[in-house]
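S.K.: Copied straight from TrEMBL:
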COMPBIAS  929-950  compositional bias 'Basic residues'
DISULFID  159-185  disulfide bond
DISULFID  201-204  disulfide bond
DOMAIN    21-656  domain 'Vitellogenin'
REGION    924-957  region 'Disordered'
SIGNAL    1-15  signal peptide
């Protein structure tokens, strides 16, 4: 009989096999959720948050329903799970009580959640809490299938979901399970910060599994005449992350939800009188809390000036002679403190501490629009020198968050007359404008073409006027931006057959081709067609064809395209082009990284097509060299690439490019690239034919020096050489080294600095932050709370340098430089470089109202004092360098993990002064013989690994070294690695 009733119910339901909520009724459900952060091993500390409440659902209109929450309670837990008990949280529910009293509207049809509506008084944080329940009632039930999968919309995006439906005839129930795989999504909801320069590798994620996530749902449904009713739902979600391969373990965030039917009330929920606005859909909406710093290092009180004074005094006084272990941490605290400051606060701080280097270095690292505005105003008011403006602007370009406000501010900087009057600042501002557009487009769903149109317009005007320098600058800006719409503007100045651009200087064509590389990452197919057309044009200058080859391999070419290149090389008449292409393919065929494995495989096939005779071409021919070191287990690696383009008629290579690349956590980033051209230098050398004649080494050197001394005969507008520098794939500076520049440098620094060095010596010390890196990814969970994965690194470097000269015979103050040819010069140099770096990996919940994270910290500190003695006697032809000693070599490293949670809104993690670790000092001295240097090195490395557990443990005893240190704070350390190393250099 029950089977008949169940079959009859399903037959009446027909195509409406989805949850229904009858009009005039309110369905009451008990809802509980929990979020746990920690390591999977038993006995270790974890941070957990629980919440419970009642959710009320009722129909409002056709396909429109109301949702309201009541009786919200929250608890938190920190300690050793599951032995300790949770504590209640009263402040968070009270803070949101006014918002919880406001019901929201949502569209719901055939089990699918549509648009969500809420008044302005409901914050996105609370609305995401509602979305967690709407995510549970999102059901796509197919009555004709028991097992099926589809791409289903959820709170984390549109992801692959597997359904399984079973009918329990006896109990008159339908049991449904669905599993959502967050690693197979058509549209994934997440937000990144600081990852604009990285190139993601999906294959690396599949192989090493360092970031994984899945959600499973179990439903108990009851058939009713109007459809089905949800009696109970259990949701379990697991997200795990490891910076290395999954086999080395991973930190986990586990969420649980229960949704249990309680009763049906004979009334409906009424909306409030306020206007309801469309507030998105079921997908999670990120709020400004993403900007909230996970590492809350500073307790900001009303005494802001006192906090800043203490931080600056600590950095200045404790790092005068040597960089201390705590310098990176204090610098992080300074950056965090200034990040919370408004523009007016920065003005006040500057008026008191304008002479402090640390303040000026930390302001751009905050990454705020207020910091960028501050730098602009200070330069406009001439409070910053050109050198300070250059340093802060370059830092701001890469550290300030790219948003419409910061892009607009950079656009106004490009029109500032005072900045444009200085050629160096003009280049930095224009290149920075392109970089800001690139960063914004990399981290945003939309990339408006309006941002890049002003530069495209400037380029058209410069081409029409024939202003070569401006054309090159604007092309470089378009290359930094990498916007696909710029391809048309760049194509107009390409040396394509039949176009007017063929008459432009070759330097313009070179910059146009190289500007395609960033566009190739977004539109590889379009760039491939253009680059292949240029490469196949044998009438072009060979250098342009070789640059086109570089661009082609930036597009991750297919097997067919690489085979096309290989066949073209077989019939290539220009050996420079053939040698370059062959060496490029051969180098890439040895690649072991998983970033572009298909390219390496295709190049291996191409090597079988080409003749091995090309491998025997000498270094007179152009080459491409690529080498890398990669560990698939640790997902870490580095690569170096060098291109040098030769010409049969040149003494030096026409151009040389060197580039480094880093691989980490399933991504890749171009770290540094330097390119040099030597056109004017070639011309200067070739004016003296004796340079090419044979002779001994000393004779050749004299010929080269004599030829270089004739550089003054060059015209002012003819550059000796040119260079550019790229950082993270973005060009930050370029310059043409011409005769006026060399003359100005000699007049300003050359002779004066040399005489000061030789007569009185030099003594100085300098300490400054050299690196600040912040990378974050926020991923929403099924509970409507996002989990953040963050990586912070800060490094401080310093050096004390003393140079004492000894001259025989002694020279007067105003001596001619020719006297140096008859003087025995001896320089005693003492250098004490020191370096400290802290890196923090963070995972957990992070918003202004609740903070529960797991932190892993790695520290490194090194000091390597040395003394060098150099002697130069040109008259006697004697040159000697002595490395007198390497003394007091210190290296310290430590890695540890900790848990942290806050009990109130403003509980901050403070680093204690006792936070030290141990290393070993090595004192070695060895004097070397005259005119030669000898060296030998040896090193050993050992580590003591210890786990500390609270309570009983059956893992056995482990050896503990007496030198190990245990941090005793309110929070508990779970793992500590004390690494003791010793390096000896003789």
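For all residues, glycine too, the Cβ spot is worked out from N, Cα and C.
Would you situate these features in the structure and describe their surroundings?
M.R.: The Cβ of residue 185 (disulfide bond) lies under 8 Å from the Cβ of 151, 156, 157, 158, 159, 160, each of which sits 6+ residues away along the same chain.
In the predicted structure, the domain 'Vitellogenin' (21-656) carries a mean pLDDT of 87.
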S.K.: Mind giving me a neighbour count for residue 159 (disulfide bond)? Other Cβ atoms within 10 Å of its Cβ, every protein chain shown.
M.R.: 22
S.K.: Tally every other Cβ atom lying within 10 Å of the Cβ atom of residue 201 (disulfide bond).
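M.R.: Step by step: centre on the Cβ of residue 201 (disulfide bond), count other Cβ atoms within 10 Å, giving 21.
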S.K.: Give the helix, strand or coil assignment DSSP yields for residue 201 (disulfide bond).
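M.R.: Residue 201 (disulfide bond) sits in coil per DSSP, no helix or strand.
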